[in-house]
């Protein structure tokens, strides 16, 4: 979750919309733990462009991935393998759509305790906070709304926001996005959010279980469909895909975020980490199919297992690989 950025001036007459028109650049990988001091350069390749909601005008945000000077992706570059999966002809033909529900928690800067919570104490129990309004229930809405507007300005397919079950916890949704762009858009939306919390003097946490005890954790539920699932007879395709996911449950869990075992306990709208369960409209399942999808006989399903700190390149490409390839 360690996002870094720097800025450079490019003297071009008009706005740049094509990443291949941008130069490669580099940074000191020895200062980020990504390269040794004696060979410290990490090369960054521009991959996706968004409008910059902070500087505005013709300024842009550029999502890059990282390589060695020899052109090998460095170990933390998960985009490289994801792009290979998403460019596979079988995957391209299925036009995989993703909608990712990113939950996060806003923390007080000095005590690392959720905003709106009494210092060292607890608010009233969960119940009134989910989608709640009012100064005693919704904490940090100015940040949430600024983020919503900034993502729309940037050209991210942000489809909504809501207050979450635990006070100080919120969610935004990115999608529908096709293939690799889901990962690009979610990472840039996370970047914009952390820049806004920086301005507000609040700390952003993607920990999957920020507060122990009877409080909801934070996930990144991933909604998914393919062309076949969205077409007539799609419900059968969905059931087959869920069967494939069940066979690979352990591998998926291992790649779905760090500390997820603290969140997937079988309580607080989760299935136990060792159990694979699916059901219609069941929020205690690993995979939830919506009532609408069952009724229409086609549609999408939701993988509820990914933690809030998951890498969307890993999760989206893994779901495509398991269900299509």
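All residue numbers here begin at 1 and follow the chain in the order shown.
Cβ atoms are placed via backbone N, Cα and C, with glycine included.
Just so you know, TrEMBL annotations never went through curation; they're auto-generated.
Quick look at what TrEMBL annotates:
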{"type": "DOMAIN", "residues": "1-71", "note": "domain 'GS beta-grasp'"}
{"type": "REGION", "residues": "1-38", "note": "region 'Disordered'"}
{"type": "DOMAIN", "residues": "78-325", "note": "domain 'GS catalytic'"}
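In the region 'Disordered' (1-38), helix, strand and coil residues by DSSP number 8 helix, 4 strand, 26 coil. For the domain 'GS catalytic' (78-325), the mean pLDDT of the prediction comes to 97.
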